[in-house]
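Per TrEMBL, the features are:
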{"type": "DOMAIN", "residues": "41-290", "note": "domain 'G-protein coupled receptors family 1 profile'"}
{"type": "TRANSMEM", "residues": "26-48", "note": "transmembrane segment"}
{"type": "TRANSMEM", "residues": "60-79", "note": "transmembrane segment"}
{"type": "TRANSMEM", "residues": "91-120", "note": "transmembrane segment"}
{"type": "TRANSMEM", "residues": "140-158", "note": "transmembrane segment"}
{"type": "TRANSMEM", "residues": "197-216", "note": "transmembrane segment"}
{"type": "TRANSMEM", "residues": "237-260", "note": "transmembrane segment"}
{"type": "TRANSMEM", "residues": "272-292", "note": "transmembrane segment"}
Amino acid sequence: MEPNNDTGISEFLLLGFSEKPELQPLIFGLFLSMYLITVCGNLLLILAVSSDSHLHTPMYFFLANLSFADICFTSSTVPKMLWNIQTQSKVITFAGCITQMYFFLLFAGLDVLLLTVTAYDRFVAICQPPHYMVIMNPQLCGLLVLVSWIISVLHSLLESLMVSWLSFCTKVEIPHFFCELNQMIQLACSDNFLNNIVMYFAAMLLGGAPLAGVLYSYAKIVSSILGISSAQGKYKAFYTCASHLSVVSLFYFTSLGVYLSSSAPQSSHASAVASVMYAVVTPMLNPFIYSLRNKDIKTALMRFSGMTVLKGPIF
């Protein structure tokens, strides 16, 4: 379906973080390093989970899918920014902008839903341990991931199509390092009321509902942990959830920072900087959070790399 771009504008300009030439090499090196760490870290996590039969469980199945989503999430924005810096060009085509927005929304939504699914997995593991393997069977796990994909694809398709039908005037500068949905809607010179309604409704539905599910799951988990008599049992139960809780907190707090900064006046630069936290930094930190706090992951990574597994705690 061809976008209804009545003004004939065929390209936009991504302003990025700074127009100072002396800062471009620093920005390029910083984001290239973070991107390589993100891809390598999450890829190692996927390979470790897939190669170790001890990790073929629902929790690590969801973790591997989350790592794949993180790689694609970061890849939807950072490579284009690095290319623009390297070529000293800020141009992105209209079709390229819509495509970038589509994949960014897809994998951002997938991240949110997979974090929610993982919270449900931890809820069943802590609150209903005798029935865990019966409830979290391979069919249900596959169905939860499939539904997450379908919802994310439909949402990103709807938002991208609605933006593609907007008309854009002479101002085609995007004060961001990627084609961010809210920035695109505000740049339109045609009526964007419906776009704003859909965007905020989707944010509440795909952001608020999963967050409510995560909070409910952890409220039940905390209640169950407090009911455990032994201190060792409490520690073991909490330890299985600590990594996931850290990742959820990091993702939602940084995302909230983006929306708070975007609501302030003259906030384009602040919003771009805040977006780096959840679009680049969070996917980079996820594999480290899981691997450094998880003995099974550390052991699998050592086996995969051919290192000798030491007895006793590593960290």
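Cβ atoms here come from the backbone N, Cα and C positions, even for glycine.
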Counting only residues 6+ away from its ends, which parts of the chain sit with a Cβ under 8 Å from the transmembrane segment (60-79)?
31, 34-35, 38-39, 42-43, 45-46, 49-50, 100, 103-104, 107-108, 110-111, 114-115, 117-118, 121, 141, 144-145, 177-178, 279-280, 282-284, 286-287, 290, 296
Who are the chain neighbours of the transmembrane segment (26-48) in space, where the CB to CB distance is under 8 Å and they lie at least 6 residues beyond its ends?
16-18, 55, 63-64, 67-68, 70-71, 74-75, 78-79, 81-82, 85-86, 280-281, 283-284, 286-288, 290-291, 297, 300-301, 303-304
Chain residues in Cβ proximity to the transmembrane segment (91-120) (below 8 Å; excluding those fewer than six residues from its ends, i.e. six or more beyond):
3, 5, 9-14, 59, 62-63, 65-66, 69-70, 72-73, 76-77, 80, 84, 144-145, 147-149, 151-153, 155-157, 159-160, 163-164, 174, 178-181, 184, 206-207, 210, 213-214, 217-218, 244, 247-248, 251, 279, 283
Cβ-Cβ under 8 Å with the transmembrane segment (272-292): same-chain residues at least 6 beyond its ends
16-17, 31, 34-35, 37-38, 41-42, 44-45, 63, 66-67, 70-71, 73-74, 77-78, 104, 108, 111, 175-178, 180, 243, 246-247, 250-251, 254-255, 257-258, 261-262, 298, 301, 315
Per-residue pLDDT averaged over the domain 'G-protein coupled receptors family 1 profile' (41-290), given as an integer:
87
